[in-house]
Amino acid sequence: SSPMENKRRKGILERLNAGEVIVGDGGYVMQLERRGYVKAGHWTPEAAIEHPEAVRQLHREFLRAGANVIQTFTFYCSEDKLAISGNVTNITGAQINEAACDLAREVANEGDALVAGCVSKTPCYVKSRSETEVKAIFKKQMDDFLKKDIDFFIVEFVDHVEEALWAVEVLKSSGKAVGATLCISPHGDMDGVPPAECAIRLVRAGADIVGVNCHLDPLTCVRTVKMMKAGLDNAGLKAHLMIQPLGFHTPECNFGGYTSLPEYPFALETRALTRWDVHKYAREAYNAGICYIGGCCGFEPYHIRAIAEELSAERGSLPAASEKHGLWGAALDMHTKPWVRARARREYWENLLPASGRPKCPSMATPSWGIWKPSQHLELQPFLQ
């Protein structure tokens, strides 16, 4: 697109400041793993170079479903992570970052979407806790992105707030807006820093948008973001709120998130959200004052469409993908079978308790670690009510 076209496109903060509801995109690494393009374990994003058509198609489906932001497919794309993974020997992080930016921009320009350059937690942090080393890794990724046409940055999937702060400090030096989402539970980050305190630190470091992503299910993540909001309100700080939860039910609400559930990562299907679960989530998130609402692992395009459909009145439009979907099942009224025709209504789907079809399976599992005991952080009690 020409520079003029990009100038006319409103930026993320301009949109949020005007009260727009931003629909995020869904999950990439897990969705592409299921399609055969990502290797589970280290989950690195070399598909941006090896199979650009697969990444482009998923971007396109999220855009068609109503996403206002296309995130670069650069999860775990730091050089230290790529080296440890052994998944790529002849492709550099810089090459992946640049290819991913081009794919995201190409698809974003097919609609009115923005491109977010994404960085995530680094193996270096846990190993060294060295601010200099970790910031150098983020700086290298940022420099790759700045060679390309991105609109703003997101640092996501970080479970120590300190590492997220370092990322925010680096990314803010670009002059672009920065969103920061932690993969934490209502119990706080891995060092036990409560969500309220995490949000305060992130905003003081310069984050424009704060929230949570991945690790736990939507309604749990809404709870965590509400705690962040309460912290910011109490501290007299202002920031936009964002949420991109897991697309699976995790009633265990365990400290370590879904990676410590026995079904992770190859047997999570029975926990998948329905589109109707997503309607409930989108409404709860919006009612909580969250205006950037998307999804992470497990969120397919039809889940993103459900966010856009639930908030269509607030957003003033339906996404293109709704041309193939009757709202709340309305298109079923043309079905040949009368009992299916009877399901062409909101009350039916909103109140359905779906069966798992697995008579010998439990509804909850015992996580490998990180079972929460409220006594661990007594100062959280007021928030956990």
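Just so it is clear, glycine is given a Cβ too, placed from its N, Cα and C backbone atoms.
Listed features, source TrEMBL:
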- 10-311: domain 'Hcy-binding' (DOMAIN)
- Cys214, Cys296, Cys297: Zn(2+) binding site (BINDING)
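One way to see the shell of the Zn(2+) site is to take the Cβ centroid of Cys214, Cys296, Cys297; the remaining same-chain residues with a Cβ within 8 Å of it are Gly27, Met30, Phe157, Cys183, Asn213, His215, Gln244, Pro245, Leu246, Gly247, Gly295, Gly298, Phe299.
In sequence order, Gly26, Gly27, Glu156, Phe157, Asn213, Cys214, Gln244, Pro245, Leu246, Gly247 are the residues near Cys296 (Zn(2+) binding site), counting only same-chain partners six or more apart with C-beta under 8 A.
Summarising the environment of Cys214 (Zn(2+) binding site), the number of other Cβ atoms within 10 Å of its Cβ, over all protein chains shown, is 28.
All protein chains included, Cys297 (Zn(2+) binding site) registers 27 other Cβ atoms within 10 Å of its own Cβ.
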